[in-house]
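This report refers to the structure that appears directly beneath it.
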Amino acid sequence: MFSWLVALVVAAFPLSAAAEQLIKSNSLNPCMANSGLSATLFNVVFTPANRSLAFNIVGVSDISGNVTAELDVYAYGLEIFTYNLNPCENEDLKSLCPMNTGQIPIDSNAPLDEDTVSQVPGIAYTVPDLDGLVQIRLSDAESGKLRACVEADLSNGKTVYQKAAAWTSAIIVGSGLTASAIASGLGHSYTATHVATSTMSLFGYFQSQAYIGMAAVDLPPIAASWTQNFQWSMGIIRVGSFQTLATWYQRATGGTASTLLSNLGTASVDVQRKLFKRTNNAGSSDTSNTVTLRGIERVGFRAGIEPTNIFLTGYIIFIIFFLSVTLAVCLFRAMLQGLAKKGKLKDNQFQEFRERWSTVLKGILFRITLIGFPQMVVLCFWELWARDSSAEVVLAVFTLVAMFCILARACFGIIQVAKTSKELHHTPAYLLFSNAVFLQKWGALYSQFRAKAYFFMVPILVFSLAKGMFIALGQDHGKVQAIGLLILELGFLVVICILRPYMNKKINALNISIAVFNLLGAIFLLIFTEIFNQPGIVTGVSGVVFFIYNAAASMVLLIMVLLTSFMAIISKNPDERYHPIRDDRASFMKSNSQNQLTTELDALGVTARNETTIPSPFKLGPLDQLVNLSVPIAVVFTYKSGIAVERLQRALARLLDYYPHLTGRLRISEEDGTREMTALGSGAELLVAECTSRLDAFSSPVDLPGRGGNALCAPFDPSLEAVCRDPQFTIQHTRFACGAVALGVRLHHTLCDSDGFFQLVRDLAELYRSIGPDPDSTPGALAHPPCIRGYLSELLYDMPPDDRKAALEYQPSLFHVDPTPVATAAPAPPTTIPTPPPVVGRIIRITGAELAALKAHATNPNGASWISTFDALAAHLWQTLYRARLQLRAATSPPLSTAFLTSVNHRARLAPPPRHFPNCLFTPYCTTADLATAPLWQLAQTMHALTRTPSAAAATATVRWIAAQPDKRRIRWGFPGGEGAFMFSAWSKFDAYHF
């Protein structure tokens, strides 16, 4: 059994055979209460090459008289052999016959015969972290009473704790995080998210290994050495200058520094057996007890760090890492600026980093805070337990509070944003992933999870906090630590198996596997406490198995992260290696390898990411197909303070990144009459003009230049040829003599309705305000990007035959199909359309008292439903104007039309994606035979009912019917029109757009 066990260890972790063979022991520990023999210094080395046994021992004896000794040798819990010895019968031990009380100094070399040396198996010199023990029992030679029991751990100098292994694992983790940052800078969002998530999972696994090493449990040597390889993840890294600084700081703030490392020549230190409360002077050589270390002190001692310096060492490492990353990011930004000025950097390379480098830096520093959270929880809470100095305790409390506040603030903000997104947009993914600034700053907490599992960051942090507190505050109670960790790991495994919160199957499988490994580690830790009173061989074998499965798991995980990082850097398009994460984030997260987008969420994501990768030609939505082509939306905004043209131009250019289809030209398909935007990138139009008059010279908006301000907008040609040829989006900047400015904004109605139009102007104003005073300043990002694809526009790209058939069977109330086929004759030569008579606007002002009286008159006297202001005004104007027209018409004239039409915004009923830009209007109409004589309240009720049609279901069916039509040009509007027809439209109140 012993030979098979050590052979397996050697095979799993081969070590160089070039080192000198030896077996040594550095501490002698009592194995019974009130043992009559102890040692303050115990260094024994057996060298088989020269068959010598070197002693350097300072023992203390309470025994007098003759004794006999029984020596038992154990390996991995198995008793290998027993040897009985009588000092009075051994010439080399005559000085111990009889034994005397007092100090027993021994410093010599003893030769061994060849037969004795040959009894030691050769494999004992090569197996790493030999789990060997020599136990010596001294009994009274006459009575046989046991007088003393001591034991010494054996080591051959070979260990699985290798600094090269620790540095390799640290470098691979660092390379993974670096590769993720580079991929993100190059725009490969999927790759960056996957690499970062895999790397952080690996790092968390390493920290879990370090936790086991920090537990106050008597670990088998191979388990203790293996976990020591990962203590770097907890900041336990020895740097000589840091030790000097930590010792100075502790003494300067009233603490007493320990001197264990400096007293190794005069005192023995045991890092395996027995547990005593640490005292800062425990390293002195004049005590009768061997200094014993467990848990956090043990890993610190093995790393060459004084116990009282452990907290400050980890703290300094964290601060140095924090500052180093900050400096590296600043230097990288400076390098990019230099390359950009020399023209050696493409415009799209590291674009997001260059534009929002400060936000990226904040996000990176937050990730470092998140990475260091488990480390600082353990070290800070342990400092509260150890209390090395009052200043260090204050520093630990401050750090804990600061980290808790930062993470709590981030969690609260993310949860609030996700809830708002669910309420407004029916998915938490929109606001969590569309806002690049928010994602870069706080994405480390939720980007690795499914959008619907964004909250899982809270259980993760609570889990890390609980584990850290068990490790830090349970240094006197190893069994409590082991049971607590087992419960936590088991609960976490059950939760992630049920919820599967991570972004895809591979990441879920990875983290579930790591959770299984961590649970097994907790089970082994419980076994190491010997809570089950198992035989020693069980503990020994468990230590070997613990090392083997963790070594294999670590190797697989390290190779996986290394390959993933390598591919992320060398691949031209690494995102192709990953399937899109179908939780809506794929529509919002930026990626340079975005495929063709055909859904509303995809279109929303295009603008949310500030990308211009949209299909060309870009088909307009079904509700955009029927808008009169000669009708634009034009509004003039006046400002008393000036608006810089150059700054406006930069804001407009950035605005078109969010609305890229506005840079195209309208085209009507000759096949099916579908309207689409083609020639994307042709540009919008910004005109600059001056007016010699002062703005305050005009008494009312009607008096503005060009009949109500028409001269303040760019010229507009309503002919079909011009509508398809000219820019769809124009802005005219007019400066008055007084310095005031007018912005005449015009957009073709086929692209949007009034709601979308004012949203566009709001976005332009937001981008204008985000530009700083620096001439090189660029506009920021929109807090809430728009959705530019029309409602159900994907049906125009592809509608299954069965769906098309079902859609065509619907009979809409507002439209019908002209049975006459559309002629496909050659296009006629351009013609000049005569300018129609100007439309002159007039302002009607109604006082509050007059409006109240009108609404009372329009309310059903029988107590029917509520009437809105719109209902009352529309009914009043419809009837009043009809009566006035009747008075002006000749008796022989044809009868006037009594048709009434209005426009209704259906966003609330159809629930398109948030900030829907295209048309979402329906224009219901009605007629009445007794318009002139009907009581006003009846007409108001007609208005009230009209504005609530069509229903959401009917509106959706109508949109599908429009999309399914084989030729959109044959769709006819059912509104009868005619002379006297009345159209009443209400534009809701809009903000003053401060630029």
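Yeah, the Cβs are placed from backbone N, Cα and C, and that goes for glycine too.
In TrEMBL this protein carries:
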{"type": "SIGNAL", "residues": "1-19", "note": "signal peptide"}
{"type": "DOMAIN", "residues": "21-161", "note": "domain 'ML-like'"}
{"type": "TRANSMEM", "residues": "315-336", "note": "transmembrane segment"}
{"type": "TRANSMEM", "residues": "364-385", "note": "transmembrane segment"}
{"type": "TRANSMEM", "residues": "391-412", "note": "transmembrane segment"}
{"type": "TRANSMEM", "residues": "453-474", "note": "transmembrane segment"}
{"type": "TRANSMEM", "residues": "480-499", "note": "transmembrane segment"}
{"type": "TRANSMEM", "residues": "511-532", "note": "transmembrane segment"}
{"type": "TRANSMEM", "residues": "544-570", "note": "transmembrane segment"}
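Long-range contacts of the transmembrane segment (453-474) within the same chain: residues 211, 214-216, 295-296, 373-374, 377-382, 384-385, 407, 411, 414-415, 418, 428, 432, 445-446, 480-481, 484-485, 488, 492, 495, 499, 501-502, each at least 6 residues beyond the stretch ends and with a Cβ under 8 Å from a Cβ of the stretch. Beyond its flanks by at least six residues, the transmembrane segment (364-385) meets 181, 200, 203-204, 207, 211, 214, 233-235, 296, 310-311, 314-315, 318, 321-322, 325-326, 329, 392-393, 395-397, 399-400, 403, 406-407, 410, 441-442, 444-445, 461, 464-465, 467-469, 471-473, 475 of its own chain at Cβ-Cβ distances under 8 Å. With a threshold of 8 Å between CB atoms, the same-chain residues lying at least 6 positions outside the transmembrane segment (480-499) that come near it are 211, 215-217, 453, 456, 459, 463, 466-467, 470-471, 474, 508, 511-512, 515-516, 518-519, 521-523, 525-526, 528-529, 531.
With DSSP states grouped into helix (H, G, I), strand (E, B) and coil, the domain 'ML-like' (21-161) comes out at 18 helix, 75 strand, 48 coil.
Regional average pLDDT for the domain 'ML-like' (21-161) in the model is 80.
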